[in-house]
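Worksheet: one structure, shown below.
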Amino acid sequence: MRLFAALVPPPAAAGELAAALGPVRRMPGASEIRWTAPEGWHFTLAFLGEVPDEIRPGLDERLARAARRHGPFELRLAGAGHFGDRTLWTGAEGDLRGLSHCADSVRAAARRAGAPPAEEHGFRAHLTLARTPRGHSAHLGPYADALAAFRGTPWTAADLSLVASFLPRSGVRGEQPRYETVARFPFGAAGPTTGPTAGATAGDEPPGRGSASVDPDGTGEPGHPGHPGDEAPPAAG
């Protein structure tokens, strides 16, 4: 099963962002890019790729330990930017240090469970809003500029989600991956909440700053942070 660990904004926060995106999606050329669905919005902490079934129990245990080491923290969706002309994103404000430390712990836990993140480089908090389809060109700067002043209502990040990613099978152009949360791990709590829904010990301490992945959104498409000319999201901590 293709899995990634993520922080999922609550429905109210996603609704605010969706409302702010309404005028942006009516801008010239917006119909030519592929917009992600609000029910799939998330901040990827670690994309794990295909995880064998036999790894899952140990992975869940390690992730639960990692989540217990972090108390809930406050964030809000804020601003916008783009990775070249490939990916449009919104960022976060608030306890970015807490978010970054959580990502470090999650990635260390996944490595020790035998499900290391797909690629190692620094964590950069972003939530993907749209992508330019392969073979197309688009200038994403105007869309990022139009959303740059957005500031959502603060919300409390209370748990870590383990999400399964199911890639499109129909071949229909523009079809989105399907996501299913397979477990939630409350911050500072005793154990995970398991089961599909829509949408600490010293041994799990991270050895250093975390990683991102070639697929930072768990969608099966390459990410673009760090490419020459790309604009970086706000620093997480």
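Here the Cβ of each residue, glycine as well, is placed from N, Cα and C on the backbone.
As the structure is a computational prediction, the values presented were derived from the model and not from experiment.
Feature annotations, reproduced from TrEMBL:
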type	residues	note
DOMAIN	9-86	domain 'Phosphoesterase HXTX'
MOTIF	42-45	motif 'HXTX 1'
ACT_SITE	HIS42	active site, proton donor
DOMAIN	99-172	domain 'Phosphoesterase HXTX'
MOTIF	126-129	motif 'HXTX 2'
ACT_SITE	HIS126	active site, proton acceptor
REGION	186-237	region 'Disordered'
COMPBIAS	188-203	compositional bias 'Low complexity'
Could you check the active-site residues HIS42, HIS126 and say which one's CB has the fewest neighbouring CB atoms inside 10 Å?
HIS42
Looking only at C-alpha atoms, tell me how far HIS42 (active site, proton donor) is from the residue listed as 'active site, proton acceptor', rounded to the nearest Å.
8
Please spell out the DSSP helix, strand and coil residue counts for the motif 'HXTX 2' (126-129).
0 helix, 3 strand, 1 coil
